[in-house]
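**Q** Annotation source Swiss-Prot lists domain 'Globin' at 9-147, citing sequence analysis. According to Swiss-Prot, the site 'Involved in heme-bound ligand stabilization and O-O bond activation' annotation covers Tyr37. The site 'Influences the redox potential of the prosthetic heme and FAD groups' annotation in Swiss-Prot covers Lys92. Residues annotated as heme b binding site in Swiss-Prot: His93. The active site, charge relay system annotation in Swiss-Prot covers Tyr103, Glu146. Residues annotated as region 'Reductase' in Swiss-Prot: 155-398. Sequence annotations record features per position, and here Swiss-Prot assigns domain 'FAD-binding FR-type' to 156-263 based on sequence analysis. Sequence annotations record features per position, and here Swiss-Prot assigns FAD binding site to Tyr196, Arg212, Glu213, Tyr214, Ser215, Pro395, Tyr396, Asp397, Pro398 based on similarity to another entry. What Swiss-Prot lists as NADP(+) binding site is Gly276, Ile277, Gly278, Ile279, Thr280, Pro281, and the listing cites similarity to another entry.
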Amino acid sequence: MTVEYETKQLTPAQIKIILDTVPILEEAGETLTQKFYQRMIGNYDEVKPFFNTTDQKLLRQPKILAFALLNYAKNIEDLTPLTDFVKQIVVKHIGLQVLPEHYPIVGTCLIQTMVELLPPEIANKDFLEAWTIAYGNLAKLLIDLEAAEYAKQPWRWFKDFKVTRIVQECKDVKSVYFTPVDKDLLPLPKPERGQYLCFRWKLPGEEFEISREYSVSEFPKENEYRISVRHVPGGKISGYIHNNLKVGDILKVAPPAGNFVYDPATDKELIFVAGGIGITPLLSMIERALEEGKNVKLLYSNRSAETRAFGNLFKEYKSKFGDKFQAIEYFSEDNNTDDKIVIDKAFNRKLTTDDLDFIAPEHDVYLVGPREFMKDIKEHLGKKNVPVKLEYFGPYDP
């Protein structure tokens, strides 16, 4: 489905129609977006790989779209307040490799869902025309912004990479190394520290490809990318990686993406807070910060010593960089804090917000972990006016 969008000026009457939709979206926006996704995913196979079934079941994707539609309607006369949010959408779309031909599918399903759910006296001809123009303007904005970002990328769409090594990092984490099949991609394009790669997986027995994003867990050496994956019970992709993936297999990989990246310009002390496998995008940042002579403090929370990845790497950092590097660890289900694993300090309990009381606006804070973990920490530090850089995988929380 190919449509060339052009920006069209909404009339005052059409602007009023969009603004009058705000109460409807406030009351029933999530119902509308749930129906929208059911319609789109049920009827258009080409968009199915973009969507994580867990995010759909937990209603993350419908919630974020409802939030986006509501705020687009509220700000239809001036989108300036949505600048940062639009940038987030663009970053996510680039990572997933959303293309211009996907936008008409979204627009068609959105209008059809409005017709289905809203009474005809509301979803009349004028209403549908106003929202068709409004959506077209938004699509044009996003397509143009994404085209500018795609032009910067070292390749387009998903390229074949061959698995070169698989390393067991701890009980339930494996690192996978892979290099491009197409030698024209060498030397390997370097990501910014903290970025991720999107993969398309075609698993045995699955009708459609599945997309997953994994952080680049080591700054590339020897023309290899590395990701490190925790085995999640019941997880289709993590289970496949841990139980079936082998050296020589081919992976479909999109270019590095994401705006959660290391800022080398800072002269502040750096605080890295990681929950479990959230450590992966932080590894190359920590490495670079220490190489630059900066003070780095890591707060690292895991269930147990058995499920704590990269402990030996952090011991190497301690040996090499001394007091420039401090690692404080938390094991929520383990009583093993003997000298063999402790780097600076270790506690047999969960990391809590009380452990962050020393953090002040004079620190630069990077945070990655489970959603609730990040939400609690961000809220706590926000009360102290401490800015936090963080990464959500999947839909952003509003």
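Each residue, glycine too, has its Cβ placed from N, Cα and C.
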**Q** Cα-Cα, whole number of Å: Gly276 (NADP(+) binding site) versus Ser215 (FAD binding site)?
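**A** Between the Cα atoms of Gly276 (NADP(+) binding site) and Ser215 (FAD binding site), the distance comes to 13 Å.
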**Q** Whole-number Å only: compute the distance from the Cα of Ile277 (NADP(+) binding site) to the Cα of Ser215 (FAD binding site).
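**A** Rounded to a whole number, the Cα-Cα distance is 10 Å.
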**Q** So, by DSSP, how many helix, strand and coil residues make up the domain 'Globin' (9-147)?
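**A** Helix/strand/coil tally for the domain 'Globin' (9-147): 115 helix, 0 strand, 24 coil.
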**Q** When DSSP is mapped onto helix/strand/coil, what comes out for Thr280 (NADP(+) binding site)?
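**A** Note: Thr280 (NADP(+) binding site) is helical by DSSP.
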**Q** Using DSSP, tally how many residues of the domain 'FAD-binding FR-type' (156-263) sit in helix, strand and coil.
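**A** Taking each residue of the domain 'FAD-binding FR-type' (156-263) in turn, the totals are 11 helix, 45 strand, 52 coil.
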**Q** Using a 10 Å cut-off, grab the number of neighbouring Cβ atoms around the Cβ of Thr280 (NADP(+) binding site), all chains included.
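**A** I count 28 other Cβ atoms within 10 Å of it.
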**Q** Of the recorded positions listed here (Glu146, Ser215, Ile279, Thr280, Pro281), which is spatially closest to Lys92 (site 'Influences the redox potential of the prosthetic heme and FAD groups') when Cα positions are compared?
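**A** Its closest listed neighbour, by Cα, is Glu146.
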**Q** Nearest to Pro281 (NADP(+) binding site) in three-dimensional space, by Cα, is which of the recorded positions Tyr37, His93, Tyr103, Tyr196, Glu213?
**A** Tyr196
